Amino acid sequence: MTKNSITIDKNIYESLKRENKYLKDKLQHTEQILQLAIDNVPHSVFWKDRNSVYLGCNRNFAEDAGINKPEDIVGKSDYDLPWTQEEADYYREWDRQVMDNGIPQANIIETQVQADGNLFWVDTSKIPLRDNEGNVVGILGIYENITERKQVEESLKILEREQFIRSIYDGIEHNIFVIDINPDGELICVGINSFGLRMIGLSNAEVVDKSLEELFGIEAAAEIHLKCQQCIESSAAITYEESLILQGKEIWLLTTLNPIKDNQGKIYRLIGTTFNITERKQAEEKLKASQHFIQRVADSSPNILYIYDIEEQRNIYANQEVALILGYSTQQIQNWANEILFKIIHPEDLEKIMSQQRLVIAAADGDILELEYRIKDSHGDYHWLFDRQTVFSRKIDGSVKQFLGVATDITNRKLAEMEAQQKAIELEKTLQKLQQTQAQLIQTEKMSSLGQMVAGIAHEINNPVNFIHANLPFVDEYSQDLLKILNIYQKHYQNPVKEVQEEIQNIELDFIKEDLTKIIKSMEEGTRRIRAIVLSLRNFSRLDEAEFKKVDIHQGMESTLMILQNRLKAKPDFPGVEVIKQYGNLPLIECYPSQLNQVFLNILANAIDALEEEFIHHHNLIPKISIYTQKINGNTVQIRISDNGSGIPPNIISKLFDPFFTTKEVGKGTGLGLSVSYQIIVDKHAGNLSCNSILGQGTDFIIEIPVFQVKG
């Protein structure tokens, strides 16, 4: 090797050395710039190799990890840092998942124990690091300290919970109050809800931080102090009743005190709730007075009062009258079980007693069950008792536990009844006949008075209606004449003055000319309708029936239908009744017209009642009444009135014509309509009235009367 070649190699070496130093300085400068940039990021940044060994971090992360300089992190793992064992395990497992999957994970909220021992909340994201060939060679992590944000969120949650509790506290309809216990033992009210403030009539400012003496006075406060002390000493909740004067009124309260303890177990506060039980206390006082009154009434009653317990099978109460009537003490009656009680009941009445007890067990509250039976007194003599029993109390499952009995000694009455039984039967028959006769007389008098009133009304209506009806043709004629003249005026004076034209428009002259004739025609039709109704009323009343008259019964039937027209026509809740008439060719019939009309009215009204009732239960029903008339057997006329209602049960048909029998509600029927009708047809007209009915199909009433009546 020559000297020149050595010189060249040396020059190359120096040049390479200078270039290497330059690149090294430049790289170091770049690293410093990069480190400076990372250190100024407001987040904590770190990066690890494939084994989760730290390769670097920024200053923020180093401070969190308790490392002086970021470069000191190199070569350390999470186990070398101040994290807990659980945190370190979790971080490394998360690193492995990100590197194995090659997928970044962002915004994971987690905890981290700092070097100073404080627990922080961090929002972490991790990204897999790849080489030029795309292989994952490590992981880059960045997190933000969100402890303050979490604290704000937690504070908001606490505030929401407090607001929720406050809404319950102030919204509940009972008094809630808080009493603090000062170190010297003084009790101070520190809070009371809105309901409590309204109850005591004070504002929150007038209550908070006030002593019990300031709020309730010395005397009442002393009582409250005793209860608070009792709660503190027992270290448990207590409930008691108390009376306070609030806003000038005595209020009874049911109060509960609950002790609240601090971390050392010392009671420092009492939470109280109160319920206003004034009404209950007043009711209890009334109940006590009522019980005392009932006991005095029971002991002074001339009847035997007792309470029988079905479960215990004995009388648990008997008043003093049992000793006076039967000679047994109240204690004896209460101690005797069924086997002894049944020994003093008359053998013939035992089954009746047992049956009665079964009825009581099945009875509803308020039901009164009556029974007469015989019972042996202490001397061996039997007494008749009239016993009225009702449910007194029930068990939780609703079954009857006890029943109350009130027994009256009716021995003398029963003896008198047996002696006068025959006379009573005869008297009852006579009385029933008198009642029937009286009721029929009253009904006849009512119909007579009604007839007179109807005739009077018809007469009073008829006169003005006839006057109106007679003058309506003249009104029609005059109006036509006036309209004719008006038309001539309009024909020859087609352009009247402005005032006339305006009035023609105001009164709508063309409409009046067209409508006037229609109005007069409707008035004529109305007067004809009124005259027809008046005629029907007069025909129905027929006040001139002092003796038999020959009449057209179809006319009477039509008058009756006219009277009932309002009930037959449709209403919002009822479709109306279709009347089907099949009249035969009948001669004039000798009868009492108004009485016969009364029979028609009673039967038709009952049919309408039945159809209205049936329609309530079956809205698809088309109500119909059919009227058939025909002559049978030469001298007899038959009128059959049928409806398509629900029909009448056989056991009721046999009673239909009995006086006072009715299936209608109280106040809706006297039970005399069909009885009077039967008397009119059978007794007054020597005819026959019968009823045929099939349940679910309808009812037929058949009237048969002779054409000629036998005189005398």
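Glycine is treated like the rest: Cβ placed from N, Cα and C.
Feature coiled coil, per TrEMBL, maps to range 417-447 of the set 76-106, 107-137, 417-447, 479-509. Per-residue pLDDT, averaged over the domain 'Histidine kinase' (456-709), rounds to 80.
Note on the domain 'PAS' (290-364): DSSP counts are 45 helix, 13 strand, 17 coil.
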